[in-house]
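S.K.: Take a look at this one; I'll ask things after.
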Amino acid sequence: MLILGIESSCDETGVALFSTDAGGTLLAHALHSQVAMHQNYGGVVPELASRDHIRRIIPLLRTVLASSGRALAEIDAVAYTQGPGLAGALLVGAAFAEALATALGVPTVPVHHLEGHLLSPLLSGNPPRFPFVALLVSGGHSQLMRVTGVGNYALLGETLDDAAGEAFDKTAKLLGLGYPGGPALAELAERGRRDEVKLPRPMLKSGDLDFSFSGLKTAVLTKVRELAAITDQQRADIARGFQDAIVEVLVSKAIRAVALSGLQQLVVAGGVGANRELRRQLDAAASRARIAVFYPELEFCTDNGAMIALAGALRLQAGLAGKVAGAFAVRPRWPLTDS
Ligand code: KG4
Ligand code: ZN
């Protein structure tokens, strides 16, 4: 089976072709990031995002067909992100996928964006096996899930306010860094001194697996205000203090979730999973706890079409039928446990 995957939930247009033959192979994938376009506005402008997806989607499809040497007529199903995300951006991918599948006479597979993220480590050379615990840390979500199989997800804990990526982005803005803030803040933190700025560890001892990150951003705001004129070193120290706080909470709760679930594998997915300090600390804690940690390849940490093509393929293989192409609705807000 040849599955086309389309991602357009936010500021990246992703298209990929996945073949289920020979144990499953990603044949080609292509991505266009809108970061440069939104940078001028300090964040994602939804209307511009939708229009850009329209411009990019067909050229990206042509690219993956050309680089895989496959023809449109060979496609057996079209998977696309149905939600959650920006309504207008989702509509572009959904309308395109449904129209193309109608023309080809093949089914569509509407995919939950977070399902794509949490299955993305299966694209790597050393994939995890079901069941595992997933730490999903993206710009819109921070969740711990028990993943028993494809389509079988139980929520163990989640953020009560800001998502981890959102906290990175908002804090970066407070420190005068550009959009997207996460990678910029992480880079600045590398130059910061450990324990020079000590910030709270929200809900570290709450006894449950939930998170709360909005207070951290406020703590940073207070620190910045205390300093009349902020030096580059002070900014780096604050970035370091922020990153260390968020990483400590994420690592502690993720390891605890695996221990409580009685499993031995942890999968980390979503954009914040690209954070180097998070990876360093998780690897160290996991090895102490004798847990195996799995990350997606760096290019599949942030939004991409490959994870959507893979999720579509795995859903079809698991007998979770696709739908007849044609009528559709997007789901800008959509809990993963309802998928
Ligand atoms: O998964 P993703 O690409 O999009 C969503 O589904 O939200 O995640 C994007 C988020 C942004 O908040 C971005 O700042 C954050 O991931 N991010 C990072 C890093 N790279 C991306 N946060 C911290 N450190 C990074 N290296
Ligand atoms: Zn995402």
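Glycine residues also receive a Cβ, built from the backbone N, Cα and C atoms like all the rest.
Sequence annotations record features per position, and here TrEMBL assigns Fe cation binding site to His113, His117, Asp303. Per TrEMBL, the feature substrate binding site maps to Leu136, Val137, Ser138, Gly139, Gly140, Asp169, Gly182, Asn275. Sequence annotations record features per position, and here TrEMBL assigns domain 'Gcp-like' to 26-309.
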S.K.: What does DSSP say about Asp303 (Fe cation binding site): helix, strand or coil?
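M.R.: DSSP assigns Asp303 (Fe cation binding site) to coil.
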S.K.: Between the binding-site residues Asp169, Asp303, whose Cβ has more other Cβ atoms within 10 Å than any of the rest?
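M.R.: Result of the Cβ crowding comparison: Asp303.
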S.K.: With Asp169 (substrate binding site) as the reference Cα, tell me which of the binding-site residues His113, His117, Asp303 is the closest one.
M.R.: Asp303
S.K.: When you measure from each Cβ to the nearest atom of ligand 2, which of the binding-site residues Leu136, Val137, Ser138, Asp169, Gly182, Asn275 fall under 6 angstroms?
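M.R.: Listed by sequence, the hits are Ser138.
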S.K.: Got a sec? Which of Leu136, Val137, Gly140, Asn275, the binding-site residues, have CB under 6 Å of any ligand 1 atom?
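M.R.: Checked binding-site residues vs ligand 1; flagged Gly140, Asn275.
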S.K.: Looking only at Cβ atoms, how many others are within 10 Å of the one on His113 (Fe cation binding site)?
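M.R.: Taking all protein chains shown, His113 (Fe cation binding site) has 28 Cβ neighbours within 10 Å.
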S.K.: Taking the residues the record says bind substrate (Leu136, Val137, Ser138, Gly139, Gly140, Asp169, Gly182, Asn275), how far apart in Å are the two Cα atoms that sit farthest from each other?
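M.R.: Among the residues the record ties to substrate, max Cα distance equals 16 Å.
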S.K.: What other residues of this chain sit with their CB within 8 A of the center of the CB atoms of His113, His117, Asp303, the recorded Fe cation site?
M.R.: Glu7, Ser9, Thr81, Leu114, Gly116, Ser138, Gly270, Asn304, Met307, Ile308
S.K.: Measuring Cα to Cα, tell me the gap between Ser138 (substrate binding site) and His113 (Fe cation binding site) in whole angstrom.
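M.R.: So the Cα of His113 (Fe cation binding site) lies 11 Å away from that of Ser138 (substrate binding site).
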S.K.: Might you list, by sequence position, any residue in that chain lying six or more from Gly139 (substrate binding site) with a Cβ less than 8 Å away from its Cβ?
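M.R.: Those within reach of Gly139 (substrate binding site), by Cβ under 8 Å and sequence separation of 6 or more, are Cys10, Ala163, Gly165, Glu166, Asp169, Pro180, Gly182, Gly270, Gly271.
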